[in-house]
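Chemist: Got a structure here, written out as structure tokens. Questions coming.
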Amino acid sequence: MPESMHASSRFVSRLTRQTLALILAGGRGSRLQKLTEWRAKPAVPFGGKFRIIDFPLSNCVNSGIRQVGVLTQYKADSLIRHIQQGWGFLRGELGEFIDIMPAQQRLQESWYAGTADAVYQNLDIIRQRDPEFIMILAGDHVYKMDYGLMLAYHVERKADLTIGCMEVPLADAKAFGVMQMDGEQRIRKFVEKPSDPPPMPNRPDHAAASMGIYIFNTAFLFEQLIKDADTPGSNHDFGMDIIPQVIQKYRVFAYRFRNAQSGVQAYWRDVGTVDSYWAANMELIGVDPELNLYDQEWPIWTYQAQTPPAKFVFDDDDRRGMAVDSMVSGGCIISGAEVRHSLLFSNVRVNSFSRVLDSVILPDVNIGRHCRISRAVIDKGCNIPPNTVIGENLEDDRKRFYVSPEGIVLVTPDCLGQRLHFHR
């Protein structure tokens, strides 16, 4: 791509102003087990103070895309509340908005039946906005991306559809839509979640996988959605139905997601399992993590709870409040306890003589005295009784909690017999 197109922020801004972003945020994320029993996957807390939905929303705002629809369905109350509380700063008088678009059976007596159907059921609302381009995003991935560069690429290629792609190990590619491109990056073959993924010609141990990021010319998208809705037996899914049908006849291109400075593949995480969720949070504790949450040029926006600074109290030989190699959010109190290599969300209290190691502690958790917790994810609102031991004997843990294939213990209020009636 010409450097001038990448460098011209005015050109990119003009494109982003003509773009409507639709974030698909209705999924449960069942592989996260009880972590999504009472919330949609995009509403799952991440990174000490955020929710997963904040990442695609921040990418939109930082890229200059200020017209956004969030399509919701599964247990969306906490997600909707989060967006209402934290994302009301856009200027409606300037045409900026973040609209929540719940499944409403607008066109037929059924809920969203697939990714394409979710957009199709909102065609009347989209027509009212009259965008030139429509960007479709997954609401459950963690990454930072300037969508303006992808829009510029889409226009330069005179594409009907552009798909964001990344390189993944061949063994992992079965979980993705996999594509094959020619030398011009035009997609010639696309298979959703293949049992035998085709490798990349220059990297036989990797495959080119879809990120679930699509840019459509609006008229083209409408045409394909209406055609798909009238097709008997369709799954009404972009990856399974629409994309394989259009790649031969229309101009469909792949956009490689790379770091603008280094040219290597940029950070992207699915966090779709308990293991991957724990690992992605643990990565943030490192000295120089790949995902830089301290980048002032690309902030991650979110709802800011009004909490006091974290506090560490007691400094006796046998009772010292301390945290080492950890991230500790506002409102936390480490009272004569030890926290090591862990991530604590807001309003967590760790009481005296307890130890937390290699763990992710979600908001509003109280850990009683004399507890030992290691390699665990503790869900929001849990009250851990005194003398509780988690993560040291997985056989015992399996009797009470969920234990992942890699030995991460997930503890939720329901596991503890604590029925919480608040928004998670």
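Cβ coordinates are placed from backbone N, Cα and C, and glycine is handled just like the others.
Okay, these came from Swiss-Prot:
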type    : residues                               : note
BINDING : TYR112, GLY177, GLU192, LYS193, SER210 : alpha-D-glucose 1-phosphate binding site
Chemist: Near the Cβ of LYS193 (alpha-D-glucose 1-phosphate binding site), how many other Cβ atoms are there if near means within 10 Å?
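Modeler: Counting Cβ neighbours of LYS193 (alpha-D-glucose 1-phosphate binding site) within 10 Å gives 13.
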Chemist: Same chain only, sequence gap of 6 or more: which residues have a CB within under 8 Å of the CB of GLU192 (alpha-D-glucose 1-phosphate binding site)?
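Modeler: In sequence order, GLY177, ASP237, GLY239, MET240, ILE243, PRO244 meet the Cβ cut-off.
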Chemist: Sort SER210 (alpha-D-glucose 1-phosphate binding site) into helix, strand or coil using the DSSP assignment.
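Modeler: Looking at the DSSP assignment, SER210 (alpha-D-glucose 1-phosphate binding site) belongs to a strand.
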Chemist: Among all protein chains shown, how many Cβ atoms are found within 10 Å of the Cβ of SER210 (alpha-D-glucose 1-phosphate binding site), not counting that one?
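Modeler: A count of 23.
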Chemist: Inside 10 Å of the Cβ of TYR112 (alpha-D-glucose 1-phosphate binding site), count up the other Cβ atoms and send me the figure.
Modeler: 24
Chemist: Would you count the other C-beta atoms found within 10 angstroms of the C-beta of GLY177 (alpha-D-glucose 1-phosphate binding site) for me?
Modeler: 24
Chemist: Three states by DSSP: which one describes TYR112 (alpha-D-glucose 1-phosphate binding site)?
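Modeler: Coil, per DSSP.
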